[in-house]
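**Q** The following block contains the structure, expressed as structure tokens.
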Amino acid sequence: MMNKWAKNWFGLSKKSVSTNSAKGSLPRSPLASIQTNQPVEEGEGGSLPSVSNLGPSSIDHPMEEFASDQSTVGNRNSNDILPEVDHEPSGYLKLQIGSLVLGGPHTDAALAMECSRLNQLFVVVQFGTTEFVSPPLKWESPGRDIGTSSRDSANVSRSSSMMSSHPIPTPAIQRTSSIPNPLTPSYVVFDVAKPVPIDVNIYDHGNNNEFVGRTYIHPSYNYGQFEQFCNSVEVSPAYNRMVDLRLSLNTVFQPLSQHSYGPDDFVPLKLIGKGTFGQVYLVRKKDTERVYAMKVLSKKVIVRRKEVAHTVGERDILVQTSAADSPFIVALRFSFQTPKDLYLVTDYMAGGELFWHLQKSVRFPEERAKFYIAELLLALQALHKRGIVYRDLKPENILLDVQGHIALCDFGLSKANLSVGTTTRTFCGTTDYLAPEVILDEAGYDMMVDFWSLGVLLYEMTCGWSPFYADNTQQLYKNIVFGKVRFPRGLLSVEARDLIKLLLNRNPKHRLGAHGDVEEVMKHPFFDGIDWKKLAAKEISPPFKPIVEGEIDVSNFDVEFTNKAIDRDFSSTDEMSTSAPLSSTVQNGFKGFTYIDASAMDEAFGYHNSNDSASSISSQDDYSKDNSDMDLNRANDEVFMGQIDP
């Protein structure tokens with residue numbers, strides 16, 4: 001079966017599956033290779049699934065249950081203090097990873113023996129939601145060690161040229177002992193839109209990627225300032241024999257070298273997905289060499305399928321979620337367009353899709369499922385606070401980063417601007433995860449549909465199959481509206497079963513979360529022992545770490561795509577590509593699509609490119625104006641775009 005990770009990145013496979021069609025994916029079957037479901041949307045005629053033979057809705061249906069055990073999730077600590085800056089930073093931060101220094105009261109011979117056992121260490125650098133995986137650490141020749149000087153604020157002249165014009169000096173090396181120290185000559189450049197600390201995690205590849213230790217650095221965001229750090233590493237209990245472990249790093253921050261981006265600013269590395277509207281590539285940004293995921297969509301296909309409103313709406317929601325700054329939502333970094341195509345550039349999550357890992361494991365231990373559900377709650381919290389209902393929660397839309405934290409993606413079925421007390425009626429979602437109120441369409445629905453899907457997801461992760469499994473879609477709908485949910489004997493804890501029961505309450509007014517949204521769900525005993533502040537700061541170690549060999553590792557993607565030769569110009573390929581160009585009226589439907597993840601870039605640097613609307617940057621002020629203009633254009637061009645979700 002095709003790996004849905006590759007097809008579902010950005011939701012390429014989800015669009016407009018008619019609800020009254022005989023075709024479509026069957027729901028997941030119990031204890032078998034998990035089948036993936038296509039989301040469904042309202043058809044052109046607004047047709048809903050045939051449920052007239054289902055009878056009245058079943059409210060608060062009792063669920064059968066059995067017992068199991070429960071345990072807790074571990075955590076780690078850190079201190080976050082950022083230096084003050086005299087401006088809103090927008091530019092490039094270059095980080096050079098120096099060497100590890102292992103000190104302490106041991107003899108040189110003992111330390112040398114200790115180091116020889118740790119010859120496959122590597123570093124995962126977390127910069128906001130962007131991550132970098134270093135090459136394996138190399139051992140420096142014996143008798144050499146770096147100095148342990150602390151932060152050095154040596155000035156580097158300010159310049160708007162490329163990063164190479166101000167290379168980071170090599171750390172001073174001096175002979176201090178006969179201890180070999182690991183050395184990595186790697187460096188990374190991050191695109192900066194806001195001041196954040198740098199989270200550095202060290203892992204031992206030679207010991208099944210065991211976590212070794214963690215440290216933070218808090219770089220200055222003053223332009224041209226070079227800094228040198230030699231930070232103490234907080235080691236894990238398994239490596240507490242490593243006394244006084246330190247990591248040397250250097251940073252320098254520089255202003256932007258350009259203020260607009262297009263396809264020519266990125267180099268394609270691999271094709272990682274393909275769908276109805278276009279392709280998804282693993283790309284490298286030329287100026288910073290950062291790796292991202294780029295979705296390329298054909299405008300003509302979008303217009304032909306009347307999906308302009310949904311496509312631009314997805315971009316709008318990605319802008320809002322990027323502003324939310326949630327570490328558990330895939331961040332939009334750039335969006336731009338050409339006369340033919342739309343481009344969405346987000347962080348690349350090399351850990352793979354949760355669906356892919358669930359398919360391999362069949363089910364997860366309860367503690368692992370608890371960790372994912374807890375982080376998903378924080379993602380939903382960020383969405384709901386901004387009036388966004390997600391509507392398509394499922395394993396295919398949950399990505400893992402290199403360290404094993406989740407990141408929610410694909411907002412094509414989400415709806416924004418849903419205030420408290422209001423409802424919507426569009427029939428959309430994925431069959432296995434549809435809430436009863438969506439199927440019955442009696443009085444519309446609200447954000448409670450996300451909690452129903454969360455309950456289905458928790459059941460599926462812990463039991464290995466869908467709670468409402470059926471051989472056909474109509475029977476699946478009946479099971480969702482009426483069916484009993486049965487729990488395998490002895491598999492789940494009392495708390496897990498109770499949480500699933502409360503989330504799968506068929507009356508949305510009595511569903512857990514109805515009276516306090518995410519915060520109400522977080523208080524359930526299932527989550528006792530979780531420090532939510534540490535979880536939000538990613539200070540709790542994930543129970544599972546994906547195998548990732550480097551920042552461009554695509555081993556978690558379908559080889560059907562990654563083994564294909566790629567077109568270097570990113571242009572979408574479809575049967576309409578050689579037809580007449582789109583009219584200016586239709587092109588106006590895509591107005592305001594361009595975005596760069598730096599709300600203050602226009603104001604900070606005075607960049608306004610009025611001659612090139614396809615490459616202009618949308619600041620927060622401009623974004624609001626663009627949104628207003630775009631709404632008018634959408635209303636004028638509904639013949640091309642289809643109806644906007646009410």
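Keep in mind that glycine also has a Cβ here, set from the backbone N, Cα and C atoms.
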**Q** Per Swiss-Prot, which one of Lys286, Lys295 shares the ATP site with Ile272, Gly273, Lys274, Gly275, Thr276, Phe277, Gly278, Gln279, Val280?
**A** Lys295
**Q** If I take every residue in the domain 'Protein kinase' (266-527) and average their pLDDT values, what number comes out?
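**A** Reported value for the domain 'Protein kinase' (266-527) is a mean pLDDT of 91.
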**Q** What whole-number Å value do you get for the CA-CA distance of Lys274 (ATP binding site) and Asp392 (active site, proton acceptor)?
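**A** Rounded to the nearest whole number, the Cα-Cα distance is 20 Å.
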**Q** Just to be sure I understand the packing, how many Cβ atoms besides its own are within 10 Å of the Cβ of Val280 (ATP binding site)?
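**A** Result for Val280 (ATP binding site): 26 neighbouring Cβ atoms inside 10 Å.
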**Q** What does the structure give for the C-alpha distance between Gly278 (ATP binding site) and Asp392 (active site, proton acceptor)? Integer Å is fine.
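**A** Asp392 (active site, proton acceptor) has its Cα 20 Å from the Cα of Gly278 (ATP binding site).
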**Q** Can you grab the distance from Val280 (ATP binding site) over to Asp392 (active site, proton acceptor)? Cα atoms, rounded to a whole Å.
**A** 20
**Q** Could you give the maximum C-alpha to C-alpha distance in Å for the residues Ile272, Gly273, Lys274, Gly275, Thr276, Phe277, Gly278, Gln279, Val280, Lys295 that bind ATP per the record?
**A** 14
**Q** If you draw a 10 Å sphere around the Cβ of Lys274 (ATP binding site), how many other Cβ atoms fall inside it, taking every protein chain shown into account?
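**A** The answer is 20.
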**Q** C-alpha of Thr276 (ATP binding site) to C-alpha of Asp392 (active site, proton acceptor): distance in Å?
**A** 18
**Q** Which whole-number value in Å describes the distance between the Cα atoms of Ile272 (ATP binding site) and Asp392 (active site, proton acceptor)?
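**A** Ile272 (ATP binding site) and Asp392 (active site, proton acceptor) have their Cα atoms 21 Å apart.
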